[in-house]
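Below is the structure I would like to discuss, written out as structure tokens.
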Amino acid sequence: MSLMVIIMACVGFFLLQGAWPQEGVHRKPSFLALPGHLVKSEETVILQCWSDVMFEHFLLHREGKFNNTLHLIGEHHDGVSKANFSIGPMMPVLAGTYRCYGSVPHSPYQLSAPSDPLDMVIIGLYEKPSLSAQPGPTVQAGENVTLSCSSRSSYDMYHLSREGEAHERRLPAVRSINGTFQADFPLGPATHGGTYRCFGSFRDAPYEWSNSSDPLLVSVTGNPSNSWPSPTEPSSKTGNPRHLHVLIGTSVVKIPFTILLFFLLHRWCSDKKNAAVMDQEPAGNRTVNSEDSDEQDHQEVSYA
């Protein structure tokens, strides 16, 4: 492989690295759904990505759909940059987990860290379940309360929402002795009331939910505090995202290629310089006449 081929390969590597998006250069933007992430069929929802970093562009990405990335130019107002992505009319193919990213001017391939995930759910596709409270919807402060969501439809999962809370609790459905599919949500000792609803979903379509149950108002008498324990996990996972920040990795890969490219260029320049010096030497200095050659051969024979 010639020197120029190696150099061109190194240059090509750097060009490819420059064209590949790099995540994690800036901190993550905020991400929310307006009016909310539970959307009825055929309705439209706005996904808003915003940050106090002056991003020039925002990207919207749906998990598992690499060809469905949307780009918008950011709007700048009062020290905040934002973009509003209109999603709709809502249908099952649009449901899923979304994230957004930001990029600054002159660096379109250097993306921010991903926002927290946002689950967009389409509701109203199946019949509504029933929601009840045990021992009842009105309880004394400190009394244990359980909310039961049930239906004759063979739902695999139930989701319990409370007005004012961003995330739902979820539990798998269990078939009861009376033939219904049920999930019991233990709320623990009652400290604060609220309005609850539940939804059902199937295992093979986790973002497609039933109609909402009728709202259930739970009232607490006595001396309630400001919150109710949340013994079950929320349906949205807001931990560390699965996206790997590749900026460090690509930098580590670039270092040896930079050294190699410098070495090859230095060697190539040295070879060119030596060749130029050789071309400038007098012809007499580079030739040996026949007499000198014969004399050297004779001396070599004499010393042998």
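The first residue you see is number 1, and the count goes up from there.
Placed from the backbone N, Cα and C atoms, the Cβ positions cover glycine too.
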Can you tell which of C49, C149 Swiss-Prot lists as bonded to C100 through a disulfide?
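When Swiss-Prot is consulted, C100 turns out to be bridged to C49.
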Using the record from Swiss-Prot, pick out the residue from C149, C269 that is joined to C198 by a disulfide.
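Matching partner in the record: C149.
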Among N144, N285, find the residue to which Swiss-Prot assigns the annotation N-linked glycosylation site.
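That would be N144, per the N-linked glycosylation site annotation in Swiss-Prot.
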Please give me the glycosylation sites out of N84, N178, N211 that lie within 10 Å of N144 (N-linked glycosylation site), comparing Cα atoms only.
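Checking each Cα against N144 (N-linked glycosylation site), there are no hits.
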In the structure shown, which of the glycosylation sites N84, N144, N178, N211 has the fewest Cβ neighbours within 10 Å?
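Among the glycosylation sites N84, N144, N178, N211, the sparsest Cβ neighbourhood within 10 Å belongs to N178.
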Reported as an integer number of Å, what is the Cα distance between N178 (N-linked glycosylation site) and N84 (N-linked glycosylation site)?
48
How many of the residues that make up the domain 'Ig-like C2-type 2' (142-205) does DSSP mark as helix, as strand and as coil?
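Going through the domain 'Ig-like C2-type 2' (142-205) residue by residue, I get 0 helix, 39 strand, 25 coil.
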